[in-house]
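Colleague: I am attaching a structure below and will ask some questions about it afterwards.
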Amino acid sequence: MTLNSFLLLPNSRFLLSGNLHGGSVVASYPYDDSPTHKPTGVYSKSADDEVFKYLAKAYASHHPIMRTGKPNCPGEEGETFPEGITNGAQWYDVEGGMQDYNYVWADCFEITLELSCCKYPMTSELQQEWENNRESLLSFIEKVVYGDYHRLLVPGTYNVTAVAMGYTPLTRENIEVKEGDATEVDFFLQPTVAPAPNLTQLTATPAPASTIASTVVQAEAPSPTSLHQPIQPVDFRHHHFSDMEIFLRRYANEYPNITRLYSAGKSVELRELYVMEISDNPGVHEAGEPEFKYIGNMHGNEVSESNLISPAGSLVVNYPYDDDEQGMAIYSKSPDDAVFQQLALSYSKENKKMYQGSPCKDMYPNEYFPHGITNGAQWYNVPGGMQDWNYLNTNCFEVTIELGCVKYPNAEELPKYWEQNRRSLLQFMKQVHRGVWGFVLDATDGRGILNATISVAEINHPVTTYNDGDYWRLLVQGTYKITASARGYNPVTKMVTVDSEDAVQVNFTLKRTDAKVEEGKVPVLNIPDTSDPNEKEFETLIKDLSAENGVEHLLLSSSGKVSPYRYRPYKDLSEFLRGLYLNYPHITNLSSLGQSVEFRQIWSLEISNKPNQSEPEEPKIRFVAGIHGNAPVGTELLLTLAEFLCMNYKKNAAVTKLIDRTRIVIVPSLNPDGREIAQERGCTSKIGQTNAHGRDLDTDFTGNYSRYSGTQEPETKAIENLILKQDFSLSVALDGGSLLVTYPYDKPVQTVENKETLKHLASVYANNHPSMHLGQPGCPNKSDENVPGGVIRGSEWHSHLGSMKDFSVTFGHCPEITVYTSCCYFPSAGQLPGLWAEHKRSLLSMLVEVHKGVHGFVQDKSGKAISKAVIVLNESLRVCTKEGGYFHVLLAPGLHNINAIADGYQQKHMQVLVRHDAPSSVFIVFDMENKIFGLPRELVVTVAGASMSALILTACIIWCVCSIKSNRHKDGFHRLRQHHDDYEDEIRMMSTGSKKSLLSHEFQDETDTEEETLYSSKH
């Protein structure tokens, strides 16, 4: 804790500090110790003794007990402090006190405030303590005013001098300081080329009439203007690693507005590979602004480049290719040979000795380089050179600059090297503004298109666009045919003329192609236009956070810096989680998923604007750590993440919006029993890896849940119940033992459904980590391990059955990745701040990524939401709609097929374009039911058709019979029906075929004749 405080103070611009203690009631001030270190009674006076007494009185005079000077503490009833204040050493001598450190080293005026006789008073007394100290605290705060610099002084007259490196000192005399507000004194310093003190200072000394002493405080000098010559470096020496490290940190600290110092990784011997970025907006990729880099010390025995930043061993600029197919020393021409020659000449022309072409006559009398440049392979063949790799695998054009014949010149020669190369270095930087540049945009929404290809006819070397669709393409003077193309878009070609001056801006706007499938044209859906300003604002936020260093900006703008500094055993972890819940009850909900074998709670913390409420329209992300108790780094990272999110809610706009739109569930310790017996600094120890039953929990998630659930460990059951809710969009599990990310499956399988998406999610995490993406974990026990991109399928790394992520994908329908946070299972607590610094960007990037992919909702034509509809993506991945018809699924950027299926409705088919930096929305409406009365539409239609045909046929038969009877009534004989019984007899006789029946009864002639004769036949 003390070390962390000391590291904090010199890097902070604190002016005033109060150190709150207990044990008496008094305000003490520096110094706390004296040269004699006598236990008590020696007044150790600082240079600002009057200022310190003034500050101490400001506090004591408002405290009802302290101002009396008589605390009357038990056992010290006779102790008195005039006016309630005391010099620290006069009271009792303390060597190494914090208030002295602040004053001497941090330009901060600190006093120590003893608040009560009891160091740990009862809770019931806290209210009274607050009443006693409230006015004092406010009065003490009023003694400070913020500014670019501030120097506390008591009223009086002073001469004030400002001194800054590279500037002429300036003194303002007879500055009057009055009671009340601070006096503003500004300084405008003139730059100077001459050496100046290495410390930016503001020195205040009393005017002759004053008796107040002086001290030194930090102040930042203004930048020199363009009216003056640039300041030249004056300190030349060979920098060993520690010296260089301090040198870089010094300038990063002196110029924080234009520099950014970070590490690109570590060497074999774990030295940081530092990168110093210099820009008006460091740490940000500014769309449309080219980026340039110098790299030095690739060969450790070539040290002149520590100042001049390139290799040495000759004096020449060489350009790709460095090797050829035959491996011979012959000219190996790249497609951009003309561009590389122009770049090389831009450097050599400004170095007179280099341009002459015979730089090292004494050492290499036969060596000659026309105009000081050469093709790499023509000079000597080098397979695998860095400049070739840059050209073939990135958008970067790199040359190698040999700065001197001697690889390790004497230090006194370094100024000569600087003078010879200074103009060349600047001229070479200007070349980044040659050629063409611009943006490739989507015609539909105007957004930039990532990874669009810029091709130049007859030059076989395309470049690609960046996140905002921006590109730069170096070209020599001439006219070119340039084509912009991207997957899913129609290419566009333009004729462009490039001059010898600044680059030409050429923008391309691409229209999407009509996506087709075998069945025919299918609608391609993307983000719909919405009139909701909040929705648009959030989409803009996701786009901004998806840009390079977008999450870094969020971290820089966040408040309340948090960092883990110790490991928390189960009791402390539980108290910490309860503390978060009690302090942030409106955005957190703490619950237990179950208990471990030894009855420890398995805690789950939800962070959301509506915790413990169903919000199906919001994506839900799960963070889990501690499945192996001997790897607790993930636990501490998640606890720190939770605190960071809570502290920045309503303080940081981006964090607030993410919490408002995301349901975040954190399970920090899945195996608390194992964690309790694990041992710190056990880098390879397996103690605590399993649960109390000796079971590795990551092999306990069964492939057939319903069959084997009764034999599972309680910890496994607890997390399975959470997974089986099937409402998570993404899960991130943290483990230890390496530095990489694995994606499903851990079990050996032939094919992996949705592999591109799973790999993409793992890559997002790895790419946001400073070194994980390099693919070389560098673990001591696996020094030769190579994992391209830091990402690998679980079964290809450590294949095993019953893993949590396999269960999550198969039964929870949720993609899960496993992050291995460090080579050491249980590193020392001192490494935790560094591990948080490395992983915090990746962890936050997952909160951004969970909002991408495809989301939408399903309803029928009447507007009724359809829950439990099945959304089939790319004919393999299946998700179900939630309450309200909502669904969300993460997918890798690109075109994806969607089939929507629901009982009683006709299947819908479409395609959706998923972007890398924004969510894609779909709105699915089922046009008609696919069932009638619970039966398939086809069956109902068939039966209905058959029934209708039968009805029509029956109707025809009836009509025919009726027609026949009608005709009989109009023509011929009609029987005279006298009795009902006779009619039945007739039917009976006709059925027997008796011919007598025709003669045994009477008939009437109904023909249309005038004769109406009645015939009868008698027996």
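One is the number of the first residue shown, and numbering goes on along the chain from there.
Here the Cβ of each residue, glycine as well, is placed from N, Cα and C on the backbone.
These numbers come from a predicted model, not from an experiment.
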Colleague: What range among 514-536, 675-697, 698-720, 997-1019 does TrEMBL record as region 'Disordered'?
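Modeller: Going through 514-536, 675-697, 698-720, 997-1019 one by one, TrEMBL flags 997-1019 as region 'Disordered'.
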Colleague: What mean pLDDT score does the domain 'Peptidase M14' (1-144) have in the model?
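Modeller: It averages 86.
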Colleague: Quick one: DSSP breakdown of the domain 'Peptidase M14' (1-144) into helix, strand and coil?
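Modeller: Counts, helix then strand then coil: 59 helix, 21 strand, 64 coil.
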Colleague: Looking only at C-alpha atoms, tell me how far Glu114 (active site, proton donor/acceptor) is from Glu402 (active site, proton donor/acceptor), rounded to the nearest Å.
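Modeller: Cα to Cα, Glu114 (active site, proton donor/acceptor) and Glu402 (active site, proton donor/acceptor) are separated by 65 Å.
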Colleague: Within the domain 'Peptidase M14' (291-432), count helix residues (DSSP H, G, I), strand residues (E, B) and coil residues, in that order.
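Modeller: The breakdown for the domain 'Peptidase M14' (291-432) reads 58 helix, 14 strand, 70 coil.
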